[in-house]
Amino acid sequence: MANGRVNPTFTLEDQGINGLGAVHYNLIEPALIQEALKREEGTLGKGGAFLVETGKYTGRSPKDKHVVKTPSVADTIWWDNNAEMSSEGFDALYADMLAHMKGKEYFVQDLFGGADPAHRLDVRVITELAWHGLFIRHMLRRPERGELDSFTADFTIINCPSFKADPAKHDCRSDTVIALNFDRKLILIGGTEYAGENKKSVFTLLNYMLPEKGIMPMHCSANHAVGNPVDTAVFFGLSGTGKTTLSADPERVLIGDDEHGWSERGTFNFEGGCYAKTINLSAEAEPEIYATTEMFGTVIENMVFDPETLDLDFEDDSLTANMRCAYPLNYISNASETALGGHPKNIIMLTCDAFGVLPPISRLTPAQAMYHFLSGFTSKVAGTERGVTEPEPTFSTCFGAPFMPRRPEVYGKLLQEKIAKHGATCWLVNTGWTGGAYGTGSRMPIKATRALLTAALDGSLADATFRKDANFGFDVPVTVHGVDATLLDPRGTWEDSAAYDAQAQKLVEMFAENFAQYVPYIDEDVKAVAIG
């Protein structure tokens, strides 16, 4: 039995997927919520938000993500970073998953990955959970209803959390699996209910396919000046560095908060929604994002709530610190209707430096920008219990290593070419610690970060006096209107300057050690600006 709206020549049966129970094609939000409630997948929250728990997995499983190694991709995938799967293992996995699906109810969503029609990917997402259908409707871009009648997918994703993989039979690592097959244009996800796997699978596809067209895929947020899409800025950064927070600027138009492409026409969002962290979210600091948590259809993932009043607890991280909400872009009042922008005038690379040695903002040359893009430095903080003062540095190349199927230099060279052609100004912004490392210093004041970004984006920072940083070689402004000058010189914010020097030297050595892996692949101008 099938219901909903679908291209009559592109049903699941036409794809060779037979024998399922009820199949629901392209249901809209109210119908998906009704189905999810009927199946007891979650709770209806305030304002019609949908509250879910994802069980064992409350985050992505990068070690369980595999790419099928076939002759067509064997030489282009970065195998150091992507686990391989044999074609035989994938074929067995697909056959067993289809057998497992027989007689069960499924939800199908036909969607677009990419706001630019010239470069979008048409994706069919088949989900066992109704709320996963709701989630992916928010995260990807929705066709007009009439467009569904002729929709044919470039790629299909099947997500079946109740299916458990067999590592011996399916050539994978555990009973959880995310398997990408570029030849069969198919992604299989099993053994995890965490919804983020759906969105990041599409991101990984675009990250592989777009460079062949000369398009730079970016793990970044983006915004543009009001009434002037040509004045676009992109914000690269790993999770927790401030991509979502800093791009949500009431003075600028939001293009998107996480995944974008840079084509010959400019910037475009891959997505149609946002997937924001909600831990410690407040109406004062982030009113727009906070408001979405009580809007119709917003998916609230892994948040503790009062069973009687349905009030959400933004502080309780007992389920996970990675609690999130997913909502369509149009829930943010200053979001772009087209999700398109110009060529970036400013490129911001966000880092959370828990060593407390990087300045709050630095200007980068194009070669330095390539260096920092390939390095992808930030810090994870070990924990909030007392006595844990040792930050955990991490280098995630391209500010998004888990989603990069190709070698990092492919993306780095694309970025370098685009900066050279369009003349973007590049900045490194530290949203981490100042006045000492994590444990002794304090978090960089967000007001100061916003003031520095405003000066960078409106062009006034270009007129400032800059000094060259002795440790890292980039240019640092000496004074910026509205920002405490002492903040701009990290060494001066430390009580013990010898301790600062030792900590800075430690970070310099880490940069040098990490970057050694890229030296054989890069140009002389980038080698010349390498730290250490």
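The backbone N, Cα and C atoms fix where each Cβ goes, and this holds for glycine too.
Not measured: the values here are computed from a predicted model.
Record features, source Swiss-Prot:
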type    : residues                                                                                                       : note
BINDING : Arg60, Tyr194, Lys200, Arg324                                                                                  : substrate binding site
BINDING : Lys200, His219, Asp258                                                                                         : Mn(2+) binding site
BINDING : Lys200, His219, Gly237, Leu238, Ser239, Gly240, Thr241, Gly242, Lys243, Thr244, Thr245, Glu286, Arg324, Thr449 : ATP binding site
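Long-range Cβ neighbours of Lys243 (ATP binding site) (same chain, at least 6 residues apart, Cβ-Cβ under 8 Å): Cys220, Ser221, Phe235, Phe236, Gly237, Asp257, Asp258, Leu350.
The number of other Cβ atoms within 10 Å of the Cβ belonging to Ser239 (ATP binding site), over all protein chains shown, comes to 18.
In three-state terms derived from DSSP, Tyr194 (substrate binding site) belongs to neither a helical nor a strand segment and is classed as coil. Listed in sequence order, the residues of the same chain lying 6 or more apart from Tyr194 (substrate binding site) and placing their CB within less than 8 Å of its CB are Thr54, Tyr57, Thr58, Gly59, Arg60, Ser61. According to DSSP, Lys200 (substrate binding site) sits within a helical segment.
Ranking the binding-site residues Arg60, Arg324 by how many other Cβ atoms lie within 10 angstroms of each Cβ puts Arg60 at the bottom. Here the Cβ of Lys200 (substrate binding site) has 24 other Cβ atoms within 10 Å, regardless of which shown protein chain they belong to. Cβ atoms within 8 Å of the centroid of the Cβ atoms of Arg60, Tyr194, Lys200, Arg324 (the substrate site) belong to the same-chain residues Gly59, Ala195, Gly196, Glu197, Lys199, Tyr275, Asn322, site residues excluded. Around Thr245 (ATP binding site), the same-chain residues at least 6 positions away in sequence with a Cβ under 8 Å from its Cβ are Ala285, Glu286, Ile446.
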